[in-house]
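*Asks:* Dumping what TrEMBL says about this protein:
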type	residues	note
TRANSMEM	20-45	transmembrane segment
DOMAIN	24-160	domain 'Major facilitator superfamily (MFS) profile'
TRANSMEM	65-88	transmembrane segment
TRANSMEM	100-119	transmembrane segment
TRANSMEM	125-143	transmembrane segment
Amino acid sequence: MANNQLGVLNALDAAKTQWYHFTAIVIAGMGFFTDAYDLFGISLITKLLGRIYYTNENHPKPGTLPPNVAAAVNGTAFVGTLAGQLFFGWLGDKLGRKRVYGLTLMLMVVCSIASGLSFGKSPAGVMTTLCFFRFWLGFGIGGDYPLSATIMSEYANKKT
């Protein structure tokens with residue numbers, strides 16, 4: 001049994017670069033791009049959120065998010081990322097990395113859209129739903145980190 005497994009690994013290491021190598025690179029690369037966009041794009045959005053939801057008509061300056069709200073909007077995704085790394089890393093070992101990687105990508109897509117469609121009757125309500133969806137977005141992003149790196153290393157051959 002162990003000899004058969006080594007044979008499979010040797011075959012993967014000696015394989016020529018094929019289309020599935022490029023497919024794996026593009027999928028993992030787009031995952032990392034999306035992660036960075038989702039995690040770091042919010043810093044630009046917080047200025048707009050402050051102007052939309054926290055503008056005071058009596059002040060000549062545009063509104064800004066209160067510091068605690070800005071910290072919550074920015075930080076919840078990072079907390080979700082840590083939790084997602086631990087959970088999806090474990091789940092990927094149990095159920096298979098490719099299947100679980102697909103789940104993380106679907107979670108990221110759904111929560112990205114839901115973050116943009118955050119709702120509420122008050123500014124606090126909108127920020128609460130935004131933080132809720134950003135936590136789950138971060139959870140999916142956290143799953144993308146260990147799984148995409150592991151999948152890329154599994155598909156890589158020695159030459160490339």
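Glycine is treated like the rest: Cβ placed from N, Cα and C.
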*Asks:* Could you pull out which residues elsewhere in the chain have a CB under 8 Å from any CB of the transmembrane segment (100-119), counting only those six or more residues past its ends?
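*Replies:* Contacts with the transmembrane segment (100-119): 31, 34-35, 38, 84, 88, 91-92, 125-127, 129-130, 133-134, 136-137, 139-141, 143-144, 147-148, 151.
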*Asks:* Over the domain 'Major facilitator superfamily (MFS) profile' (24-160), work out the mean pLDDT and round it to an integer.
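*Replies:* Its mean pLDDT is 86.
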*Asks:* DSSP-wise, what's the residue breakdown of the domain 'Major facilitator superfamily (MFS) profile' (24-160) into helix, strand and coil?
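*Replies:* Helix, strand, coil within the domain 'Major facilitator superfamily (MFS) profile' (24-160): 111 helix, 0 strand, 26 coil.
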